[in-house]
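Let me begin by presenting the structure, written as structure tokens, before commenting on it.
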Amino acid sequence: MTEPVELSVELIACSSFTPPASVAWDTDAHGAEALVEFAGRACYETFDKPNPRTATNAAYLRHIMEVGHTALLEHASATMYIRGISRSATHELVRHRHFSFSQLSQRFVHEGEQEVIIPELINEDPQLRSLFLRAMDDNRFVYNELLNALEEKLEGEPNALLRKKQARQAARAVLPNATESRIVVTGNFRSWRHFLGMRASEHADVEIRAVAVACLEKLKQQAPTVFGDFQVETLADGTQMATSPYVTDF
């Protein structure tokens, strides 16, 4: 029986920073946010912090976002491992070309026991949920039947790995958009902010918006100043969105 799966977003990597011993400079931050500040101060040789209004790391980072000097954010990056995301949502995700992606392969991984993501509008209605899951079970049956028939058709191929790959790459054509995928996503902080501005918006698809808000929560833990301007709100339907006064590039 087809099983639904919940969204899981984990931050698995984030930029670290080792200040050069040759530069007389210190900061009250560390890691990615310290790196961004260092890059900015390197542009103007302001390691002595001549402006008291931007002497702290938080004040400095807020200033660069206020004036739009967000190219500095490209020096820091974060990597997420996302599971419990539908294949259709990953199609939206991979449109963000400044990210780097490594996605679960349907050619090499058997999808006969696939888990699925149920759209909330369907999931909240017992009758629609039942209909949806029956459709997924029927789809899985067809996929497995096709896969078995294709492997028999290719039995003359001596390479077992190639035989399975060829069968799966043909059978996957019937897999639904709701099929769970798993994907590793790496992006610099500027790219993550652009993604959040577009996909955490109330106008975005519900699933990709949930992914964006989950990513935001992880990013805030690592870089609270860089991402702290995004405010999460709960909409009338119970879903969440996030907005920032600094995000205008859509």
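Note that Cβ sites are derived from N, Cα and C of the backbone, with glycine treated the same way.
Remember, predicted model here, so these are calculated numbers, not experimental data.
What Swiss-Prot says about this one:
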type     : residues                                                     : note
DOMAIN   : 7-233                                                        : domain 'ThyX'
BINDING  : E92, L93, V94, R95, Q103, L104, S105, Q106, R107, R172, R199 : dUMP binding site
MOTIF    : 95-105                                                       : motif 'ThyX motif'
BINDING  : R95, H96, R97, Q103, N188, F189, R190, H194                  : FAD binding site
ACT_SITE : R199                                                         : active site, involved in ionization of N3 of dUMP, leading to its activation
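Between the binding-site residues R107, R190, the minimum number of other C-beta atoms within 10 Å of a residue's C-beta occurs at R107. Among the binding-site residues listed (F189, R190, H194), H194 has its Cα nearest to the Cα of E92 (dUMP binding site). If you look at the motif 'ThyX motif' (95-105), the same-chain residues 6 or more away from its ends with a CB under 8 A from one of its CBs are 181-188, 190-191, 194-195, 198. Note on proximity: of the binding-site residues Q103, S105, R107, R199, the one nearest R95 (FAD binding site) is R199, by Cα distance.
Looking at R95, H96, H194, R199, the binding-site residues in this record, the fewest other C-beta atoms within 10 angstroms of the C-beta turn up around R95. Annotation note: H96 (FAD binding site) sits in a coil segment as assigned by DSSP. Per-site Cβ counts within 10 Å over the binding-site residues Q103, N188 peak at N188.
Between the C-alpha atoms of V94 (dUMP binding site) and F189 (FAD binding site), the distance comes to 17 Å. According to its DSSP assignment, H194 (FAD binding site) is helical. Recorded residues N188 (FAD binding site) and S105 (dUMP binding site) have their alpha carbons 24 Å apart, per Cα-Cα distance. In the three-state DSSP reading, R199 (dUMP binding site) counts as helix.
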